[in-house]
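Here's the structure, in structure tokens; my notes come after.
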Amino acid sequence: MSRRNRNNYLSIAAVRTIGLDFIEMLEETNRRSISDRNTLTDIYNTEFRDRDGGVKDPNFSRVLYALRNANKARLSRTGRVYFNTNVRTGLHDQWFRPRRRQQNQANATPGNVSSVTPSSDQGPSCPESGVRARRKLVKYILQRLNTTDRSHFIADKWGVRVSSELYIEDGKIRISVDEAEVYELKLFVENTGQEAVYFTYYTALCWLQYFTLEDSRKVTRNNPLRLEPREKYEVIVRFKSSHVGVYSATLAFEFKKNTQPTTRSFHIVRFIEAEYRSKLAALLGPTEPYKPLRLNISEPENCIIDEGFPPDGYLQNFLVNVLPLGKYIPPPDTTILAELLKEDCSSRIFRGKLKDLQSLLQSPLTFDNYAERFDLLLYLEECQMHVDIKRYNKDSVTLHRDRDKRLMGLNLPGVSENRPSVLRGDHLLLTKSEEVTFSNVTKYKGYVHRVELDQVKLGLSKRFLKDVYIDKMKFRVEFTVNRIPVRLQHRAVHMAVQHNLKDVLFPMASRSLNPVSPPALRLFDRKLEYNFQQYSAVCNIVAGTSKPAPYLVFGPPGTGKTVTIVEAIKQVEKNIPDAYILACAPSNSAADQLCEKLITSEHVDAHKIYRLYASSRNQKDIPKILKDNCNVDEEMIDFPCKEDLMSYKILICTLVTAGRLVTGGFSEDHFTHNFVDEAGHAVESETIISVAGLLNAEKGQLVLAGDPKQLGPILRSPLAINHGLDVSLLERLMTQNDLYKRGDVEFDNRYVSKLIMNYRSHPYILEVPNRLFYDGELKACADEISSNQYCMWEHLPSKGFPVIFHGVPGKDERESNSPSFFNIYEINILVDYLKKLLLTQPKKGISRIFPKDIGIIAPYRKQVEKIKRAIDADKDFQDYMGIDNLKVGSVEEFQGQERKVIMVSTVRSSVKYISLDETFNIGFLKNEKRFNVAVTRAKSLLIMVGNPMILRTDESWGRFIDFCLERGGYTGISITSVERIDDVESRLLALNIQDEETEESPVQRYVDPEFRNDY
């Protein structure tokens, strides 16, 4: 192919790449400021265009067109050329002048290094430099990585040593700076052998604008340096950044033993990690090196339980038990199956019962295997719960006598945050510290009578108090799992089969041969009449158009699904005289919200509404407005008799507490309508507690409201999760049942209503999740005064765009025996924004904000703890009124909530842990639901902090960051001037990265979620 034809075939992308190389050459020869087009053309033609000594590149006009097309250059009216200031700049790559090179080649002798040409099996040893040489070297090292381990590249070899004035550990040099000044690091290339070697080339394998390289002899392949024995040569690395964070560079040094063409080059790689730390970062750093904790899950051979005494006098139970609740103890086969599956054993190992269980686990859910499959999944989950809770076991703990001489006090930091959950009526096990390793031990059962902040009051046996306990005696404390919820789920799935709920759980179609049109209702909340989707949902629920199939209210964030459910409940009560309604939710807070909205609306007689709490509910957590409509009276919890409970038209409780109604003998014909709000938060078997035995499949109507695009229930067993336990009934129906799938245009309103009016967020905050998860159908309908409140905030990178992505090159760290990750550099940025929000006087048009209006979200428990510590330690916040009302928590803790301002710390800043996130479904990366929840909590201002190079490996995050770039909302570390992190670095650093060997679930290790107590 001729030179002319070759250039014609080049794509615009290829031409643009040539242009970027030219800009880099200008930068590296200190001529970037030149803007005269004629001068640039001369430089291009004389020094760059034929730099390979072969085929010329396209003419300068074509290159300039490609750069302008990509917004990398612009041409003024006067004919001057201005290159984008953010075009990649960075590590100097020792360019050369091709004309001089060609002259040298013309005069080369066989012994001259310039005559070296690569053989087909050699490393990149051709006499070229600059970007192309670097890329060639990168490709070469990548190919070698397929067959060679990391140690090969970091090892000194053939007598050549690459050292530093600083300590080098495993090929890495760490430098730390505490101010924005130039830091200079000296690297020494030394020949410790007996023969001379040639230092032919050195470069960075990835580009970062914060480093520069320099050496006095300007070593390139065209200007190699001969190193005599014992000779040492200096290479200077300079670092400077104005942004706190961690910056990495991977440097490759190339050498040859001689200048013969057939001589193979060899390489030595060094990693440089520069940390620019603030005082806050120093305060929050690791307390001690991370050492994985191996849990002790062994049990003594013989164990005697010394029974304590449970709390009494706080419960009046008039609801007689009619249907007993089975024990449902996990069989031994379940534990064996879990171990074999965890070890990824060959299927040939499975025999008999284990083979049947494996087959059941791998089979799809049907009504025929419904109970058995859920039994197995629940057993797997429970086994993991028993393991995970052992992380909280404490050794060498002392007790103290309470003022109530029947009780003992025990300090338990973390119990106030449900880590672990400890409720009244639960029990703990105490073992004398000196007897922990004995094969025969006595464990003393202590029942929880009261929970007071981080202290519990235990009721132990009289024998313990009188004969065993001595002041300052030390014990191991073991926590236990409350099995009631999981037992209720087992019973529910079996009752679902016994009561033949197939048409509810696996619906085919409505039985009505002549389906009635939904009535034209006059709604109590008149605003809903102007929202077609909400109005349609209420009318179809009242008409029962889906029966016996459940009716689904698909409610994306901020679309008013709870308001819709409340209106539907009120309309059913009004229009169907013989209706009796059971309204449930997975959590007490969601159930309380339902009850509050019903009572305060005054459209239903409050005497018809009753809120039923579990016996473990703390009276302090019950809203005052519900005191007259619930079963809690001062310090007493009262379970009314069945007849009294059946007299209420609307009964509200959690899904788990609904199981108490089944135990109490409620008829399946009593409730005509069962509503489940936040149905996406519950596992299917938990939802079924409120259905099986309480709803007639022929006559009753089940209504589920939620969003399958948001986070589901928190589970611990990877096996249970991987085999579907994390899929809610709502999500299963919407994704696997044809009745609920979208048609050519929309959903079938007889079975499902998708709410599309968002009343929460500013349109720009809603933009990306709307496009990613909701087909672009959501319409921003929030109050403009509220949603636009921060559009003119002085700290916005782009006025009118209340979304910020702040790029931070941070560092994933762990400490002590906690495997949870934290990133102190992101915390530094978050605290800075918090001060700008709370401590600076708001300008005209921006009202003052209070801590309760701000939420900070992080995916890992340790990051949450560090953020809280940073706020507590900051003197500016110590006396700030209401600072305790600022919520910092995980994504799961914020689901269903909203704040005026949301700040998010993404934490992940290392490629080597991305596979960990994806495999175990933790963190933000590779988890669309967690991303969706995080970005949809904010009403007026959303601030994201993270590492853009890492996050852009994920599609959702990539779309979000690109959106911020397009709209001018990006700030922090420059992203357009940084080449995407090369595979070299990630593969060199991430070879054989594996999770620690432990019995704990990944969720427990990294996220450390609350143990549920909200039943």
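Numbers run from 1 along the shown chain.
The backbone N, Cα and C atoms fix where each Cβ goes, glycine too.
Annotated by Swiss-Prot as motif 'DEAG box', the relevant range among 261-264, 489-492, 677-680 is 677-680. For the ATP site, the Cβ centre of Gly555, Pro556, Pro557, Gly558, Thr559, Gly560, Lys561, Thr562 serves as reference, and the other residues of the chain with Cβ at most 8 Å from it are Asp707, Leu755, Asn758, Tyr759, Arg760.
Reduced to three states, the DSSP call for Gly560 (ATP binding site) is coil. A sphere of 10 angstroms centred on the C-beta of Lys561 (ATP binding site) encloses 23 other C-beta atoms. Mean pLDDT for the motif 'DEAG box' (677-680) in this predicted model: 96. Taking DSSP states H, G and I as helix and E and B as strand, the motif 'DEAG box' (677-680) has 2 helix, 0 strand, 2 coil. The 10 Å shell around the Cβ of Gly558 (ATP binding site) contains 22 further Cβ atoms across the protein chains shown. The binding-site residues Gly555, Pro556, Pro557, Gly560 differ in how many other CB atoms lie within 10 Å of their CB, and the one with the most is Gly555.
Looking only at the binding-site residues Thr559, Thr562, the densest Cβ neighbourhood within 10 Å occurs at Thr559.
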